[in-house]
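Here the structure comes first, spelled out in structure tokens, and everything after it is commentary.
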Amino acid sequence: MTAQILDGKATAAAIKSALKTRVEALQAKGVQPGLGTLLVGDDPGSTWYVAGKHRDCAQVGIASIRRELPDTATQEEIEAVVRELNEDPECTGYIVQLPLPKGIDTNRVLELMDPAKDADGLHPMSLGRLVLGEPGPLPCTPYGIIQLLRHHDVAIDGAHVVVVGRGITVGRSIGLLLTRKSENATVTLCHTGTRDLPAALRQADIIVAAAGVGHLIKPEYVKPGAAVLDVGVSRDGEGKIVGDVDPGVAEVAGWLSPNPGGVGPMTRAQLLVNVVEAAERAARAQG
Ligand SMILES: Nc1nc2c(c(=O)[nH]1)N[C@@H](CN(C=O)c1ccc(C(=O)N[C@@H](CCC(=O)O)C(=O)O)cc1)CN2
């Protein structure tokens, strides 16, 4: 078997094209959506991701507001920029690029954000709304994964999804989305403390690999025909970027997201969706 490709680039392009029309409708009402980003430090990966987010904004007509601080920035300096973005009327939604430098209390920074401007769906209020089933911004990578599966007609209803990784951006929240009535999946969350990871993975109809451990998912752990989503990014011994999924998995899986070109572009597209939806909510509230 050679897996069918879950093409994130093409799916994200379709989402962005639909968003352009929604942005034009907002602009016609005098509302200009604007995405703010706060980047602390000069990590090449984070710098690249933030640049990509602004390129996407330009494509759909969302304005860009960029704030940058050196990696020596203190908690207070970071919080001061968060307060500025909370107050900036041109910034209708924003993100704090993660991870923040060592020594910074990330939760304190996220909690300080205005929840109405949370474009990442990572504010405690947004996560709480997700638990309660109330409308709000959805976490970008988890919802991007669901959109990618839907777009390729991969059955989620009734599927057993095994997630590997318990980080805040993917592992912790994806189960909340997948177990909603609208998705109706059964989710097992695995992590470094899971005793027999291969045994858990062999049960999966869908695997979400978000551990950040290069080539962790081997072909022999995958049920033939399963859908496999490669979220992780890490470097091998030679410094080359690798995903969490061993290339041999393509011979066993029914569906496979490439990395790059799979979940990454979907994460960015969902961020734009959150910005546009927040601006639409604000426009409705204004009447
Ligand atoms: N505040 C946030 N921080 C982080 C998030 C997040 O959702 N919000 N997720 C990750 C990084 N991330 C978004 O910020 C992200 C990662 C990868 C991509 C992407 O498009 N990757 C491309 C490859 C890019 C390359 O060539 O290196 C792909 O997969 O095709 C977008 C966003 C951690 N931080």
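Placed from the backbone N, Cα and C atoms, the Cβ positions cover glycine too.
Residues or ranges marked as domain 'Tetrahydrofolate dehydrogenase/cyclohydrolase catalytic' in TrEMBL: 6-120. Per TrEMBL, the feature domain 'Tetrahydrofolate dehydrogenase/cyclohydrolase NAD(P)-binding' maps to 139-282. Under the heading NADP(+) binding site, TrEMBL lists G165, R166, G167, V233.
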Which listed residue (G165, G167, V233) has most other Cβ within 10 Å, given these are binding-site residues: G165
For NADP(+): widest Cα to Cα gap among G165, R166, G167, V233 in Å: 15
C-beta crowding around R166 (NADP(+) binding site), within 10 angstroms: 16
Residue counts (helix, strand, coil, in that order) that DSSP gives for the domain 'Tetrahydrofolate dehydrogenase/cyclohydrolase NAD(P)-binding' (139-282): 53 helix, 26 strand, 65 coil
